[in-house]
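Feature annotation from TrEMBL assigns CoA binding site to SER49, LYS56, SER119. Summarising the annotation, TrEMBL assigns domain '3-hydroxyacyl-CoA dehydrogenase NAD binding' to 5-185. Residues annotated as domain '3-hydroxyacyl-CoA dehydrogenase C-terminal' in TrEMBL: 188-284. The annotation site 'Important for catalytic activity' is assigned in TrEMBL to HIS142.
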Amino acid sequence: MTIQTVGVVGCGQMGSGIAEVVARSGYRVIVREVNDALLERGQQRIRASLERAVKKGKLSQADADAVWERLTFTTTLDEMRACDLVIEAIVENKEAKQELFAALDTITPPHAILASNTSSISITAIAAATSEARRPRVLGMHFFNPVPVMPLLELVRGLETAEETLATARAFGESLGKTIIVAKDNPGFIVNLLLVPYLLDAIRWLEYGLATREDIDTGVKLGLNHPMGPYELSDFIGLDTLLFIADAMYDEFRDPRYAAPPLLRRMVAAGHLGRKSGRGFYEYQR
Ligand code: 3HC
């Protein structure tokens, strides 16, 4: 199956990164947000990222203009009818995703593949909101933030995902320049399954008073050569997102490794969500 037109539903941090990378790889992209204000913010994010690439000499102005030409922005979900593949990157809420997939199932052509960028919600549960004929064409396509920089794409095979769908998604992901890994449909898939308990542990050790957050972050960065320490990375991911993934894992596995530490829960309750709110383990200019 040939993919020519790709829909991206949701143009937040992840959706805008996905739309940019897909358009930069030569596909036509239709981006949908729920209202004009969010659409405008998403557009600005993509424009700023393209401008940065031009300034850094990674992209010519002509190529950036061509990428922009391939992008269409809309608030109308019906426009997804032109898509061979739709990638969903909306809020991490099972009911919202199921509602969207049920609608996409009726709007998109029968051959279209529907993918979710979820980090923690079951692909099988999302696919269950679609018709029996569509379910083999539903899978997880989990990108990493910042999407234009991170070289990995994790594909997630739901219970009913067809081999052909997986093969098409693999070829598509490789055409974006990403390296593909394939995971079973369990909360956290591969990467978050290993990452989240480590971040939760780091928060527990901070609560215990092991060392300062700066020293723990420096230890991980310089001792392990990670680009970010655990608190910097938690702030970068978003503490609400981290808590959501941890809770989903704990619900599934009932293992204390995945139990969110009280400090994380309190920070989220206080609105200290990390970079996006200007304050998390560290403070940020907004
Ligand atoms: N969009 C496009 N390019 C970006 C970017 C963005 N948002 N942010 C950074 N870049 C590019 C820069 O242009 C620069 O490119 P160059 O080296 O070719 O000039 C390069 O990335 C490095 O950027 P900077 O020099 O500005 O900053 P850093 O060296 O501090 O790198 C970072 C920033 C790439 C974010 C790095 O700190 C990093 O890799 N951090 C870890 C990120 C990570 O682990 N992400 C995964 C999170 S988990 C996840 O997403 C899963 C989810 O389910 C939770």
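Note: Cβ is positioned from N, Cα and C throughout, glycine not excepted.
With all protein chains in the displayed structure included, the most crowded Cβ environment within 10 Å among the binding-site residues SER49, SER119 is that of SER119. The binding residues for CoA are recorded as SER49, LYS56, SER119; their greatest pairwise CA distance is 31 Å. Long-range Cβ contacts of HIS142 (site 'Important for catalytic activity') within its own chain (separation 6+, distance under 8 Å): ASN117, THR118, SER119, LEU153, GLU154, LEU155, VAL156, ALA183, PHE189, VAL191.
Secondary structure from DSSP puts LYS56 (CoA binding site) in coil. Around LYS56 (CoA binding site), no same-chain residue at least 6 positions away in sequence has a Cβ under 8 Å from its Cβ.
In this structure, HIS142 (site 'Important for catalytic activity') is part of a beta strand by DSSP.
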